[in-house]
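Trainee: Before anything else, here's the structure in question.
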Amino acid sequence: MPEGTAVDSLEEAVAAFAARRGLWRPGDRLLVAVSGGGDSMALWAVLSALAGPEQLALLPVHVDHGLRPGSAREAETLRGWFRDRWGRELEVLRAAVQPAPGESLEMAARRVRYALLRTRARAWGPDTLIALGHQQDDQAETVLMRVLTGTGITGLAAMRPRQGLLVRPLLGTGRATLRDYLRRQDIPWLEDPTNADPAMLRNRIRHQLLPLIRSAVNPAAVRALAGLADRSAEVADWLEMEAARWLEAHARRRGPDRELDAGFRTLPPALQTAVLLRLARELGLTLQQPQVEGARTGGVNWPRGWRVQPGPDGTLRVRAPAPLPSWDREPPRPLAPGSWPADGGRLLVRQLMPGEEPATGETVLDPGHWMDLGWRFWRPGDRLAAPGLGGHHKKLQDLFTEHRIPPPLRRRWPLVVAREAGGREVVLAVPGLATAAGAAPAPGCGRLGVRFLPPSVSEEPPEGSPAGPRVV
């Protein structure tokens with residue numbers, strides 16, 4: 001096949017895949033996540049070719065996690081490629097990765113990366129899509145990894161072509177096809193040495209298990225596994241729809257509690273599971289398999305103090321936790337360097353050195369300028385003197401809504417506060433979301449960096465690790 005024909009063919013195939021899956025509409029904005037690897041470089045090249053015909057606005061963004069020596073040089077190399085090849089500036093976001101308790105460095109890096117991408121996308125526009133470079137081989141690896149470590153129908157659905165504002169235009173294309181596309185156009189890419197590390201399960205599946213399956217069982221195993229993900233997604237979507245209908249008709253509020261009527265016991269097990277998962281998501285909870293099974297068969301504790309108890313009449317009562325202490329009566333805690341637990345999240349505070357650039361999403365304040373600098377959780381009615389509003393204050397409730405922070409997370413979001421000369425408390429910052437007008441330090445002043453790592457409220461199971469019992 002002539003080179004031009006092969007290139008055009010791939011771009012047309014991606015455009016057709018995007019149209020079938022409803023990934024975007026004319027006029028949409030796409031933030032394109034560019035790691036520099038072959039998949040993300042192919043993603044950018046394909047979308048650049050489609051931007052005109054599809055009427056798309058593109059923004060290339062790279063996240064430098066700073067975890068490997070030379071990562072900053074790699075970022076500059078990428079920026080040079082983008083200037084020379086496409087005449088575009090690649091935006092580089094600097095990440096400060098600090099794993100939460102029990103979290104691997106890989107998972108922490110992924111969590112921080114997605115948070116930075118979402119924050120940058122929101123800044124460009126509330127409906128900005130985030131284009132990711134996952135392709136068909138990645139999908140097959142994810143399915144196989146979940147089959148081998150334990151999963152259910154939702155886990156088998158693996159990565160969706162579109163999930164919220166995340167889009168994956170390359171899920172219908174294999175890795176080899178993308179590499180061929182890059183070579184035909186002399187487009188360079190970077191190789192991440194961690195992708196060859198056999199300590200990671202995904203790498204063992206990629207380099208050892210899948211090649212064995214292709215040679216000994218089915219040469220088209222990647223396509224077959226990706227097809228299984230598509231069919232599982234169809235079933236999972238149907239279960240989700242039926243669960244929503246059932247809850248609408250049969251779930252009742254009993255004060256802060258939820259009650260499922262006796263008909264729950266007659267549902268097929270798969271639909272019972274879907275109902276419980278849907279209800280848990282509405283409560284802002286993520287369940288593991290034993291917590292689902294326990295709710296189906298008897299009483300069980302759910303996260304954050306919720307408890308499921310069967311009633312004598314066949315109902316199922318999901319009891320709310322005891323009321324939280326009144327934040328109105330709880331004094332702010334001192335804001336000091338360190339990593340502080342924040343109701344499931346972490347508040348990271350550090351002293352910035354002179355000339356040191358803050359990480360993306362890091363709030364910077366002058367600790368010497370404010371009296372009684374501290375932090376506390378959000379209270380209804382809190383306001384912030386927002387920049388650009390001429391001294392007017394903005395309700396934090398509105399700020400949370402603009403940033404699509406789910407209600408269960410708002411009460412757990414820490415604020416940086418201080419005392420004014422008259423003793424009145426003032427909100428200086430909502431870490432990661434907004435800083436009050438006039439709160440930034442003046443040149444030459446001391447600088448304290450503050451970042452908030454929210455509790456894990458992700459839209460999807462991580463691709464980089466086995467889903468295990470969490471995905472049902």
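Every residue gets a Cβ built from N, Cα and C, even glycine.
Relevant sequence annotations retrieved from TrEMBL are reproduced here:
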type: BINDING; residues: S35, G36, G37, G38, D39, S40; note: ATP binding site
type: DOMAIN; residues: 373-452; note: domain 'Lysidine-tRNA(Ile) synthetase C-terminal'
Trainee: With the cut-off set at 10 Å between Cβ atoms, which of these binding-site residues ends up with the most neighbours? Options: S35, S40.
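Mentor: Its Cβ has the most other Cβ atoms within 10 Å: S40.
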Trainee: Sequence gap of 6 or more, C-beta under 8 Å: which same-chain residues meet both conditions with respect to G36 (ATP binding site)?
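Mentor: Result: H62, E74, A75, T77, L78, W189, L190.
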Trainee: Restricting to the same chain and to sequence separations of six or more, state which residues have a Cβ under 8 Å from that of D39 (ATP binding site).
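Mentor: Sequence-distant Cβ neighbours: G133, H134, Q135, D138, L170, R175, L178.
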Trainee: Looking only at the domain 'Lysidine-tRNA(Ile) synthetase C-terminal' (373-452), how are its residues distributed among DSSP helix, strand and coil?
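Mentor: Helix, strand and coil residues of the domain 'Lysidine-tRNA(Ile) synthetase C-terminal' (373-452) number 11 helix, 30 strand, 39 coil.
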Trainee: Counting other Cβ atoms within 10 Å of each residue's Cβ, which of the binding-site residues G37, G38 comes out lowest?
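Mentor: Comparing Cβ neighbour counts within 10 Å for the binding-site residues G37, G38 gives G37.
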Trainee: Write out, in the order they occur in the sequence, the residues of the chain not among S35, G36, G37, G38, D39, S40 that have a C-beta within 8 Å of the mean position of the C-beta atoms of the recorded ATP site.
Mentor: V34, M41, A42, L43, G133, W189, L190, D192
Trainee: Looking only at DSSP and grouping its letters into three states, which state does G36 (ATP binding site) belong to?
Mentor: coil
